[in-house]
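Working notes, beginning with the structure itself.
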Amino acid sequence: MELTPKDRLAVALDFPSAKSALDLVDQLSGTCQWFKVGMELYYATGNAFVETLRNRGFNVFLDLKLHDIPNTVAGAIRSATQAGASLLTIHASGGPAMMAAATEAAQAPDSPRLLAVTVLTSMDAAQLAAIGVTSSPADQVLRLAKLAQKSGINGMVCSPEEAGILRSELGSGPLLVIPGIRPAGSDVGDQKRIATPTIAIERGASMLVVGRPITRAANPAETAESILKEIERASGTDR
Ligand SMILES: O=c1ccn([C@@H]2O[C@H](COP(=O)(O)O)[C@@H](O)[C@H]2O)c(=O)[nH]1
């Protein structure tokens, strides 16, 4: 399916309240189509905020990064389905049995598509080593992404650094959703494995997730427009 540039950008609404998030949504209305609701906003507002976005005509990416035993994750997916999100994240490091249970729980026609988070973009080799993972971030991402694909999950979250290898190893099927996006000159913050929108798209990203570079910009709509233009230009050269 051909994705439009607007379908390839999800703005991360990392805000503590519905009011602060909606202030930003209002500024981006007409420019952006996808919003990501993460833990900070979801724990404050629950399914009601997802429904508010849906009622305004936006697509919602619910980034809850579920990570628990198979039975609990399956139940959480069934509860989250009622919110009406289009995408929902689980952690691939929950293992194959958990991912298989998640796939099974997301079979209803109104279920969100599941994305497996591989290695958080805030982690580098040193952070991985500290938790006992001696593989490079790229090797660990590839291992988890292959496990996710075998478990029936056809979307993965990885950094722009691994987008190319996942695209060539997993083929054109999986949705590759990429945070760690930093337009040239923007503040890196706590992210470790980053790249510009152009590089991420050229490496095979399906969708980019951008938070602070837009939400903390002096003019969020202008910054989002400029990222969308970058996506459009780079899409001519992506795989
Ligand atoms: O590996 C991951 C998985 C998820 N995220 C989320 O993406 C956004 C990125 O926000 P920025 O402000 O652009 O850094 C944020 O909501 C994270 O929870 C990620 O960064 N890395």
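Placed from the backbone N, Cα and C atoms, the Cβ positions cover glycine too.
Feature annotation from TrEMBL assigns active site, for OMPdecase activity to Asp63 (among others). The number of other CB atoms found within 10 A of the CB of Asp63 (active site, for OMPdecase activity), across every protein chain shown, is 25. Look at Asp63 (active site, for OMPdecase activity): DSSP puts it in a strand.
A 10 Å cutoff on Cβ-Cβ distances gives Lys65 (active site, for OMPdecase activity) a total of 17 other Cβ atoms nearby, all chains included. Marked as active site, for OMPdecase activity by TrEMBL: Lys65 (among others).
TrEMBL lists Lys65 with the feature active site, proton donor.
Mapped onto three states, the DSSP output places Asp68 (active site, for OMPdecase activity) in coil. Counting every protein chain shown, 14 other Cβ atoms lie within 10 Å of the Cβ of Asp68 (active site, for OMPdecase activity). Among the features that TrEMBL reports, active site, for OMPdecase activity is placed at Asp68 (among others).
Residues annotated as substrate binding site in TrEMBL: Asp14, Lys36, 63-72, Thr121, Arg182, Gln191, 211-212.
If you look up TrEMBL, you'll see 8-227 marked as domain 'Orotidine 5'-phosphate decarboxylase'.
With respect to Gly211 (substrate binding site), the closest of these active-site residues in Cα terms is Asp63, chosen from Asp63, Lys65, Asp68. Less than 6 Å separates the Cβ from ligand 1 in the case of Asp14, Thr121, Gly211, drawn from the recorded positions Asp14, Lys65, Thr121, Gly211 in sequence order.
Gly211 (substrate binding site) falls within neither a helix nor a strand when secondary structure is assigned with DSSP, and so counts as coil.
If you take the Cα of Asp14 (substrate binding site) and the Cα of Asp63 (active site, for OMPdecase activity), they are about 11 angstrom apart, rounded to a whole number.
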